[in-house]
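Record features, source Swiss-Prot:
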- V3, F4, G5, Y6, G7, S8: substrate binding site (BINDING)
- E83: active site, proton acceptor (ACT_SITE)
Amino acid sequence: MWVFGYGSLIWKVDFPYQDKLVGYITNYSRRFWQGSTDHRGVPGKPGRVVTLVEDPAGCVWGVAYRLPVGKEEEVKAYLDFREKGGYRTTTVIFYPKDPTTKPFSVLLYIGTCDNPDYLGPAPLEDIAEQIFNAAGPSGRNTEYLFELANSIRNLVPEEADEHLFALEKLVKERLEGKQNLNCI
């Protein structure tokens, strides 16, 4: 069994796996539309983490992990707990970055619009402000954003995830503005 990571599963791999491959899935786009009250925010002041939205022209880069033989159900149970808060699973085709490796099926966790933590679309400025101000048990929401942006940049330098990188730029501008105010 393979699982596709497109958010924190890319850079916070706290589960056993047998193999991993960089690649992408199609027909989706990555968006910071999922609320987080258990990791990057708190009830009443949620952070924002990524989910996938259907997009016929979309392409999302990430990492596929092969779960260890004989431990698939145990690891999946852990991931089900980690990805609680409104995520459902589906199966999609994964296209490895290495063109000599054939595409194959992966399990995908998606925060759907009918879950209680789904925040949905908002102006990028508003999303950036929410990320800038949010923190939860797993840390600051800015850390999540920056780790994800850096991971995508390192794994797939040619990828131009406009939503992700535009948010990163807006949040960094806010951080620089706050530092400049502290120097006055």
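Glycine too: its Cβ is placed from the backbone N, Cα and C atoms.
Excluding V3, F4, G5, Y6, G7, S8 themselves, the residues of that chain whose CB lies within 8 A of the CB mean position for the substrate site are, in sequence, L9, I10, G62, V63, Y109.
Taking the binding-site residues F4, Y6 in turn and counting surrounding C-beta atoms within 10 angstroms, the largest count is reached at F4. Proximity of E83 (active site, proton acceptor) to non-local residues of its own chain (separation of 6 or more, Cβ distance below 8 Å) is seen for Y109, given in sequence order.
Annotation for G7 (substrate binding site): spatial neighbours R30, V49, V50, T51, Y144, L148, criterion Cβ-Cβ under 8 Å with sequence separation of six or more. According to its DSSP assignment, V3 (substrate binding site) is in a strand.
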